[in-house]
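Quick look at what TrEMBL annotates:
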type	residues	note
BINDING	Leu7, Gly8, Cys9, Gly10, Asn11, Met12, Ala68, Val69, Lys70, Pro71	NADP(+) binding site
BINDING	Asn56	NADPH binding site
DOMAIN	3-96	domain 'Pyrroline-5-carboxylate reductase catalytic N-terminal'
DOMAIN	159-263	domain 'Pyrroline-5-carboxylate reductase dimerisation'
Amino acid sequence: MHKIGFLGCGNMARAIIGGILAKGIVAPGEIIASARTQATIDAAHERFGIDVTLDNAEACKASVVFLAVKPQMYESVIAEAAPHFSSETVLVSIAPGKTLAWLSDASGLAKVVRLMPNTPAAVGEGMTSVVIGKGCSAEDADLVLEIVDSFGKSERIPEHLMDAASAAAGCSPAYVYMMIEAMADAAVLEGMPRAQAYRFAAQAVVGAGKMVLESGQHPGALKDAVCSPGGTTIEGVRTLEACGFRSSVTEALIATVDKARSL
Ligand SMILES: NC(=O)C1=CN([C@@H]2O[C@H](COP(=O)(O)OP(=O)(O)OC[C@H]3O[C@@H](n4cnc5c(N)ncnc54)[C@H](OP(=O)(O)O)[C@@H]3O)[C@@H](O)[C@H]2O)C=CC1
Ligand SMILES: O=C(O)[C@@H]1CCC=N1
């Protein structure tokens, strides 16, 4: 029997599978993924060496089953899958908006888990929020956490914070990529080759993130330390404030929360 199944094998499932296999906590043959199209499952088999199928029922036989389809598909995919689960199946949702109570009702399963991962899981740098349902045993929880921790960091949070966690870590990589793109555009405008500009911008983001995590300093203090008096950086800070940079970021994240609550 497969240890981990994926219903859906798109961007997020592939990021998780890549992270899990890189850490080697399970062998490729212990993972099975289903999708809608032959092209997707062929590509996943070729890239990861995992078992693949167009039949969701096959992936439902795994011990831990990730629901990796869009939230709008959850209802129909769960209805199709439910007869093929066993009472011991641990069902893992990675979608915004779908509560543990909803998942349990829809699937008929007691063992349900909510995760909100992000695509940096693909390089082992994921940040995943975890809510373990009450029907899960300590062993179920350990197994899910072992899987999750193989592709990055994780924190267990109360369920009411899932939308906040989704905004801060699930969606936010998209906005960071946009910022990296914009930073690189400026460097290109000034004559730097494009590939080099991405390296500079991306490493600056990696370094700044690590400073927040490891220095123990407030982000505002770290910002102040970059701004030499009368220097160049403070001119950029002034410009960003005039453009509503911080408010734009906050509003964008709140928009994701509103959307999650509508799903
Ligand atoms: N992308 C991200 O950064 C994150 C995504 N998520 C969550 O992950 C989930 C998937 O999102 P994402 O990977 O981005 O979406 P994608 O569109 O990339 O992937 C969706 C996958 O679902 C498959 N699929 C569609 N219909 C069915 C079906 N009836 N049965 C089985 N598989 C089906 C598709 O198959 P095919 O390829 O053949 O069409 C595709 O492989 C969502 O719930 C999303 O909220 C969570 C955190 C971050
Ligand atoms: O866009 C989405 O809905 C998913 C959830 C978090 C990131 N991507």
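A Cβ is built for glycine as well, from the same backbone N, Cα and C atoms used for every other residue.
TrEMBL entries are annotated by machine, without manual review.
Keep in mind it's a predicted model, so treat the numbers as computed, not measured.
Here the features listed in TrEMBL are painted onto the structure.
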residue : record               : DSSP (3 states)
Leu7    : NADP(+) binding site : strand
Asn56   : NADPH binding site   : helix
Ala68   : NADP(+) binding site : coil
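The number of other Cβ atoms within 10 Å of the Cβ belonging to Leu7 (NADP(+) binding site), over all protein chains shown, comes to 26.
Listed in sequence order, the residues of the same chain lying 6 or more apart from Asn11 (NADP(+) binding site) and placing their CB within less than 8 Å of its CB are Thr119. Cβ neighbour count for Cys9 (NADP(+) binding site) (all protein chains, 10 Å cutoff from its Cβ): 27. For the NADP(+) site listed in the record, the two most distant Cα atoms among Leu7, Gly8, Cys9, Gly10, Asn11, Met12, Ala68, Val69, Lys70, Pro71 lie 14 Å apart. The distance from the Cα of Leu7 (NADP(+) binding site) to the Cα of Asn56 (NADPH binding site) comes to 6 Å.
Neighbour counts of Cβ atoms within 10 Å were compared across the binding-site residues Asn56, Ala68, Lys70; the minimum falls on Lys70. Mapped onto DSSP helix, strand and coil, the domain 'Pyrroline-5-carboxylate reductase dimerisation' (159-263) counts 88 helix, 0 strand, 17 coil.
Confidence across the domain 'Pyrroline-5-carboxylate reductase catalytic N-terminal' (3-96), taken as the mean pLDDT and rounded to a whole number, stands at 95.
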